[in-house]
Amino acid sequence: MEADYRPNVYASIFITLPLAALVLVLRLLARRTTRAGYGIDDWLAVVAFIGALAYSIDNLVFLFGFGLGRPLKDGPSHLTEEERLERSYLLIWLSSLTYTIGIGFAKFAILTFYWRLFKYSSSRIAIQAVLVLCVAWFIVRILLLTLSCMPTSAYWDLARRATHCHVTSNIYFFSTGLTHAVLDVVILVLPLIEVIKMHLPLGQKLAVIALFGFGALVCVLSILVIHNSFQYNGSSKEIALKIGYHGSLAAAECNLANVSGISHQPNIANLN
């Protein structure tokens, strides 16, 4: 029986994307009622959600129109195999861009919230350092994505791909994937010292533990995405099939990263 990763993509997007949308709406409604109003972390969270939404839309277009999660021979009948491959590479490139925006701005939103929350803490130096590293990660990933092929359109042009693309998939994933996972873990751990110092009732302590447990789930998803990325073969003709499982993991990670970042904010803020 041939592999079919379409159910994975369906489940990933239609479960996690509505959850991310709901949490963002509740977040913005809650902030609207406060005297402080909206902060930069709120707007960064909105951009992060737009990136996650765009990533999910890209995957759905790929899924319904161009054979995501299926063997090449089962792709759209009105296209030749070469055309199917070119559409696949274009949609993969767009998914990498939207994923980077969704994940990158989710990191920025969480760190700017930490900066606002821990106003008088020595941990602000660490927050600044991690924010700089996250910005650097974002810029490097965008540059690698746009400059790996010259011109960029050679990425999805089979006639030029072999001669005009000089950054392999392994280099791309190794240079940005591992650092992404490390940064996720650091962001998860950053506020722990401050939270430990708080004198909280047992119920609130359990709530904080649950919040960080959700962040840990996102870290696990990041590791799974990276592990799957290293199995990615950019020269394989079965790219639409092989990227199906990866897309389902990455969609869940991108959407839940937004849920994690947004849901931490009102709950931890109320503990001060």
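Cβ from N, Cα, C; glycine included.
What TrEMBL says about a protein is an automatic prediction, not a curated fact.
Annotation source TrEMBL lists transmembrane segment at 12-30, 42-68, 88-113, 125-147, 171-193, 205-226. What TrEMBL records for 26-260 is domain 'Rhodopsin'.
With respect to Cβ pairs under 8 Å, the transmembrane segment (171-193) is most closely packed against 125-147, considering the stretches 12-30, 42-68, 88-113, 125-147. Using a Cβ-Cβ cut-off under 8 Å and counting only residues 6 or more beyond its ends in the same chain, the transmembrane segment (125-147) has close neighbours at 93, 96-97, 100, 104, 107-108, 111-112, 114-115, 118, 167, 171-172, 175-176, 179-180, 183, 186-187, 190. Listed by sequence, the residues of this chain that lie at least six past the ends of the transmembrane segment (12-30) yet keep a Cβ under 8 A from its Cβ atoms are 38, 42, 45-46, 49, 52-53, 56, 59-60, 247-249, 251-252, 255-256, 258-259, 262-263, 265-266.
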